[in-house]
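Annotation source Swiss-Prot lists topological domain 'Extracellular' at 1-41, 105-115, 179-210, 335-349. The annotation N-linked glycosylation site is assigned in Swiss-Prot to Asn10, Asn24, Asn190 on the grounds of sequence analysis. Annotation source Swiss-Prot lists disulfide bond at Cys18-Cys29, Cys114-Cys196. Among the features that Swiss-Prot reports, transmembrane segment is placed at 42-67, 78-104, 116-137, 158-178, 211-234, 314-334, 350-373. Annotation source Swiss-Prot lists topological domain 'Cytoplasmic' at 68-77, 138-157, 235-313, 374-428. Here Swiss-Prot flags 248-272, 394-428 as region 'Disordered'. Among the features that Swiss-Prot reports, S-palmitoyl cysteine is placed at Cys387, with the record citing similarity to another entry. Per Swiss-Prot, compositional bias 'Polar residues' is recorded for 411-422.
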Amino acid sequence: MDVVDSLLVNGSNITPPCELGLENETLFCLDQPRPSKEWQPAVQILLYSLIFLLSVLGNTLVITVLIRNKRMRTVTNIFLLSLAVSDLMLCLFCMPFNLIPNLLKDFIFGSAVCKTTTYFMGTSVSVSTFNLVAISLERYGAICKPLQSRVWQTKSHALKVIAATWCLSFTIMTPYPIYSNLVPFTKNNNQTANMCRFLLPNDVMQQSWHTFLLLILFLIPGIVMMVAYGLISLELYQGIKFEASQKKSAKERKPSTTSSGKYEDSDGCYLQKTRPPRKLELRQLSTGSSSRANRIRSNSSAANLMAKKRVIRMLIVIVVLFFLCWMPIFSANAWRAYDTASAERRLSGTPISFILLLSYTSSCVNPIIYCFMNKRFRLGFMATFPCCPNPGPPGARGEVGEEEEGGTTGASLSRFSYSHMSASVPPQ
């Protein structure tokens, strides 16, 4: 079986007989065929089923919430909707057509399905990757260049970018339906079976294609995401440093705001004069109000710091998971393109199956990272499905759809958020 082919892997979990040879593609037996352990198919079925169900459920919920909730149709959420569609497409067109032929040792779905699945598989991976890049650039503009980015951070612009992403992906992946075909082979029990293979006319084209995919779907997107999220983290870290210095300065100014240790003004700008006793209650009331305002400012600052630290941690998780999910499969693709014999010998069977499973995991974790970790989305989910318990009272701060420009996590994180002090409590 070779349904996932060169985009997710140009290698087969089925080992053809030694005598079978094709022009421009070498198929061979392993030197020492590895016996299939009885527990491996069961583990494969269990893991594939788990990832499949989580991916379908998660992405379907994301699509449902974002479509049914008009107030959540923000710029960022439009990109998240496109990401959910592409991830759902990746799950539906890849996992069943990889697992079933792998278990049966035969691609039973026919030539038309072979061409269709490889095409939609390639398109879904491409769209998903481009969406992740678009989200990172959109967040960079919102946080690091808020004034300049307001010109192009509109829903209409987001829709144009998404349309261009899908059209570009469908165009790039046109070689798949053209060069994907069924390749017959004889199994060890002398029965004839088929593999779905993506075979370009010659080795140079095959290697060039793998290198091209490695660049546009892994290396370049990975670098762009690292740079964008790195700059965002630096911006937020500077905000954390600024707020820490403001807090330290406020503490240092506090002792100088007293007069003979009797009276203290809340803003520390002047010394309060002694007044007649009849106004003592008014001064005490003013001091109490100032204390409450100070507590609000302190809580606001602490909440801001915690929110920014959470964002930085989430951005690190995004980059790590992207490389963790996709590096093994793209490395295997490149290895097989330039050293087919060695790659087949070491990766055939269970190793490549679990490498593929790791790449499919991205379609399951993306909804969790980008949506379910966002309080606005969780509130939108509760509003879309009223049968679920509401996490807070009606009309509470942070209503559905009120997404701030700072990021998908709910923190107010614009470039100049640390250039002035505010007594308002930040959104969560």
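Glycine too: its Cβ is placed from the backbone N, Cα and C atoms.
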Using Cys387 (S-palmitoyl cysteine) as the reference point, find which of the recorded positions Cys114, Asn190, Cys196 has the shortest Cα-to-Cα distance to it.
Cys114
For the transmembrane segment (116-137) and the transmembrane segment (350-373), does the number of C-beta pairs under 8 Å, pairs 6 or more apart in sequence, reach 3 or more?
yes
Of the listed stretches 42-67, 78-104, 158-178, 350-373, the one with the highest count of C-beta pairs below 8 angstroms to the transmembrane segment (314-334) is 350-373
Between the recorded positions Cys114, Cys196, Cys387, the one whose Cβ has the fewest other Cβ atoms within 10 Å is Cys387
By DSSP assignment, list the helix, strand and coil residue numbers for the topological domain 'Cytoplasmic' (68-77), in that order.
7 helix, 0 strand, 3 coil
State the non-local partners of the transmembrane segment (42-67) in its own chain: residues 6+ outside its ends, Cβ under 8 Å from one of its Cβ atoms.
73, 77, 80-81, 84-85, 87-88, 90-92, 95-96, 99, 102-103, 350, 353-354, 357, 360-361, 363-364, 366-368, 371-372, 377, 380-381, 384
Indicate whether the residue listed as 'S-palmitoyl cysteine' is helix, strand or coil by DSSP.
coil
Within 10 angstroms of the C-beta of Asn190 (N-linked glycosylation site), what count of other C-beta atoms is obtained when all protein chains are considered?
7
Given Asn190 (N-linked glycosylation site) and Cys114 (disulfide bond), what distance in Å do their CA atoms have, once rounded to a whole number?
23
If you average pLDDT over the topological domain 'Cytoplasmic' (138-157), what do you get?
86
If you run through the topological domain 'Extracellular' (179-210) with DSSP, how many residues end up as helix, strand and coil?
9 helix, 14 strand, 9 coil
